[in-house]
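Colleague: Feature annotation from TrEMBL assigns domain 'Amino acid transporter transmembrane' to 58-425. Annotated region 'Disordered' per TrEMBL: 23-47, in sequence order. Annotation source TrEMBL lists transmembrane segment at 94-116, 153-175, 187-205, 212-235, 247-269, 281-305, 327-351, 363-388, 394-418, 439-460.
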Amino acid sequence: MASEKVETIVAGNYMEMERAAGGEAADDGGDDHQAGGTASASRRGGGGKTALSSLFWHGGSVYDAWFSCASNQVAQVLLTLPYSFSQLGMASGVVFQLFYGLMGSWTAYLISVLYVEYRTRKEREKVDFRNHVIQWFEVLDGLLGKHWRNMGLFFNCTFLLFGSVIQLIACASNIYYINDKYDKRTWTYIFGACCATTVFIPSFHNYRIWSFLGLLMTTYTAWYLTIAAIAHGQVEGVTHSGPTKMVLYFTGATNILYTFGGHAVTVEIMHAMWKPQKFKLIYLAATLYVLTLTLPSAAAVYWAFGDALLDHSNAFSLLPRSGFRDAAVVLMLVHQFITFGFACTPLYFVWEKLVGVHEARGVALRAAARLPVVLPIWFLAVVFPFFGPINSTVGSLLVSFTVYIVPALAHMATFAPAAARENAVERPPRGVGGWPGMFAANCFVVAWVLVVGFGFGGWASTVNFVRQVDTFGLFAKCYQCPPKH
């Protein structure tokens, strides 16, 4: 069967990486630029690969991929989910988290299937990816042609651009709650400069320790929110009236759509793995863990503060200041730096390919070439500092296509011919009803996200976003800042 052949075809070029993981290779182990079977880590890293650098710097295992997915999936959005619960109500908030978590895992699986299919076809043609990181738009190009490539490139790059913008906005919003000496706009300038240092991280292969620490940070923050809200108790006269308005309801729903749409970097994470074909259920496992963080924290904070969250999109703003809260703020700041790198690294790759330095061996050259990518992100974070509402807008207009609609359509188009289904590297998983079940599930995803996510969600989030612009104006100096006494 084709699924039995892929083990040899796809894994054939990963033997050096596997030896490196087991300590059997020294200088020709992993590649900082990509993990698909190359021996240039020491050349790109500027020195021999030590056991310590391998432990903290060179990651390509299933566990590394799981940490990357779980860490990247929930970052600053953890702080806005109570806000979404106030818009949706408790029951709808829980249901949408479970529903979109499952849907996000499904489309991440589709992306992984298409990556393995593309890679297998290219390696049969003796294409060498030794110094090249495969990206989503290239998968679409190889399987479906240039029009799909252009569509994937537009949605993916635009989403990741605004995803990076959101991380900068979140940094300024969070730090303000422990240091209001500067306004949020000034903090955005400062953290923009800090996040620009991510240009020196070559690829997702080198996020091993950062992904691990990032997940610890969000885990602490989620349980801090849960415990602090329960310990605080319900505020006097608390009300839980949501949902009250259709606009608010669909705005909250699209923020949750955004929450579980963090798999725009799936291809890059897979490419950093020693055996990408093992990715299949990693995103689902990551989502299940993330739900243990998002559901208790959002429910507890909404239970404690109720409708007050409608005017406080950042959960930190309602919790009393303490050492535990300050620790959570600091940890989230570090994690947002990590997530900024996750969102920006694919943009760095695209830019490197455009200017012709993607296969260059010099880290300094590639880092310098990447810097122009940070500048528009910095600027947009200053223009639209609307922490919370911007998540829903990006979710409805960009995430809906980038990681839900396009992957589902691409999977159907790729395997529409009978010959493609017959020779498919990955067969449909058991329990979905074979190819007809796969196509039915994909049609449902496309229809639901197009109507509910993009249609109603786009309308609601755009109305809410415009309302923020009318109220606070562009280049707002300190969005939703409490008056100083």
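Here the Cβ of each residue, glycine as well, is placed from N, Cα and C on the backbone.
Whatever TrEMBL says is automated annotation, not expert-curated.
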Colleague: Tell me whether the transmembrane segment (363-388) sits in contact with the transmembrane segment (281-305), defined here as at least 3 Cβ pairs under 8 Å among residues 6 or more apart in sequence.
Modeller: no
Colleague: If contact means at least 3 Cβ pairs within less than 8 Å, sequence distance 6 or more, would you call the transmembrane segment (394-418) and the transmembrane segment (94-116) in contact?
Modeller: yes
Colleague: Top stretch among 153-175, 187-205, 212-235, 247-269, 327-351 for CB pairs under 8 A with the transmembrane segment (281-305)?
Modeller: 212-235
Colleague: Select the range from 153-175, 212-235, 327-351, 439-460 that forms the most Cβ-Cβ pairs under 8 Å with the transmembrane segment (247-269).
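Modeller: Result: 439-460.
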Colleague: Same chain only, please: residues at least 6 beyond the ends of the transmembrane segment (439-460) with a C-beta under 8 Å from a C-beta of the stretch. Say none if there are none.
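Modeller: Sequence-distant neighbours of the transmembrane segment (439-460): 103, 106-107, 110, 246-251, 253-254, 257, 392, 395-397, 399-401, 404-405, 408-409, 411-412, 432-433.
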